[in-house]
Amino acid sequence: MSNFEQIEKKIEAGEPIDFEDARFILSSYDLIRIGKIARSIKLKKTSKKVYFVFNKHINYTNLCISKCKFCAFYRLGDEEDAYTMEIDEIIDEIAKMPDGIKEVHIVGGLHPSKPFSYYLNMVSAIKRNFPSVNVKAFTAVEIDYFSKLSGLDYEGVLKELKKAGLDSMPGGGAEVFSERVRKKLYPNKIPYEKWAEVHAIAHRLNIPTNATLLFGHIETDDEIIDHLFKLRKLQQEHPGFLCFIPLSFHPANTPLEGKIQKVDAVKELKVLALSRIILDNFPHIKAYWVMLSPKIGQIGLHFGADDIDGTIGQERVTHAAGAKSPLGLARDNMVEMIKNAGFIPVERDALYNEIEVYD
Ligand code: V47
């Protein structure tokens with residue numbers, strides 16, 4: 001039996017693939033077959049539906065003390081384009097959105113001086129002004145930072161935020177769960193154990209979260225695979241992840257520009273498919289069009305993805321690193337993109353409740 005036949009047999013029987021199978025998939029160039037395997041899992045889970053959300057990203061500050069080498073977004077403070085939004089500016093930004101917005105996705109840098117109360121007030125002001133909008137805010141990295149700012153432990157921080165109105169959490173800040181890569185590119189960022197602890201506690205407190213992987217820089221295939229198996233195990237032990245989003249590294253304007261080429265589409269599609277295959281206990285896999293471009297994102301729907309994120313409004317983190325995708329997309333573009341790929345567009349809310357099926 002060929003490697004592919006063995007993998008297909010395991011998947012048909014509902015068995016997980018192992019590390020060697022995953023290595024084989026990443027080393028193969030039989031894209032059509034890899035796509036077919038991932039798509040068969042997607043079809044079993046979510047039939048021909050592909051989800052999108054009417055959302056808005058808010059990056060409340062670009063000041064950050066972490067100085068990660070893959071990031072083009074952060075500023076140290078005295079640059080002309082350094083900024084921090086006051087809470088009324090954040091409220092004004094959201095108010096500009098048309099009616100029907102379902103989610104605000106809020107992340108920022110690790111601000112050198114704002115107190116924990118700034119973040120609590122931010123969440124409660126948004127909830128007060130827009131009670132029906134899901135506040136999806138702060139990565140595990142920010143939660144760890146708030147714990148240092150406030151003297152509270154992770155549980156204390158998350159309970160306070162939940163009381164203020166936090167509904168869910170995004171999956172950023174995971175990068176690659178490899179100590180080798182962390183020491184080289186983001187030594188000031190929390191390691192896997194802490195990232196996992198924050199998400200496990202959030203899940204226990206009924207705060208659903210997402211998970212990401214940043215790939216296409218100095219990581220090895222084995223480190224990608226290890227990252228995915230770690231997430232699979234975490235979901236088994238502490239369920240609560242809604243969605244996984246692989247993020248391909250954009251080198252422009254980062255300290256790695258010129259040293260690393262942007263990852264190609266073939267690798268992007270293979271990692272997307274492998275995510276769907278390994279993370280059989282994650283309900284959703286996102287082809288994040290901002291990073292992939294709308295065209296590769298659309299092809300990604302044939303590689304196991306069942307979600308394309310949302311309208312976004314104005315994305316800043318990847319565009320600071322040279323992303324050529326539009327800053328936001330209209331609802332109609334999302335529907336067209338999904339329909340033209342042969343799937344059924346479904347507008348969802350932040351928790352994947354269906355708002356409208358465009359059949
Ligand atoms: O954690 C930073 C990544 C992440 C670069 O949960 C970069 O639904 C590429 O997590 N090139 C933030 N990537 C974005 C994120 C996210 C996005 C969409 C949806 C969700 C969700 C989460 O962006 C960071 C980091 O891994 N990033 N710089 C860069 N130069």
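A Cβ is built for glycine as well, from the same backbone N, Cα and C atoms used for every other residue.
A TrEMBL annotation is a machine prediction, not a hand-curated record.
Residues or ranges marked as domain 'Radical SAM core' in TrEMBL: 50-283.
As annotated by TrEMBL, [4Fe-4S] cluster binding site applies to Cys64, Cys68, Cys71. Secondary structure at Cys68 ([4Fe-4S] cluster binding site), taken from DSSP and collapsed to helix, strand or coil, is coil. Its Cβ taken as reference, Cys68 ([4Fe-4S] cluster binding site) is surrounded by 22 other Cβ atoms within 10 Å in the chains shown.
Feature annotation from TrEMBL assigns S-adenosyl-L-methionine binding site to Phe70, Glu175. Take the CB of Phe70 (S-adenosyl-L-methionine binding site) and look out to 10 A: across all protein chains shown you find 22 other CB atoms.
For ligand 1, the binding-site residues lying close by, meaning a CB under 6 A from one of its atoms, are Phe70; the full candidate list was Cys64, Cys68, Phe70. Of the chain residues outside the [4Fe-4S] cluster site list Cys64, Cys68, Cys71, Ser66, Lys67, Phe70, Phe73, Tyr74, Gly109, Tyr186 have their Cβ within 8 Å of the site's Cβ mean position.
There are 21 other CB atoms within 10 A of the CB of Cys71 ([4Fe-4S] cluster binding site), with all protein chains counted. Geometry remark: Cys64 ([4Fe-4S] cluster binding site) versus Glu175 (S-adenosyl-L-methionine binding site), CA distance 16 Å.
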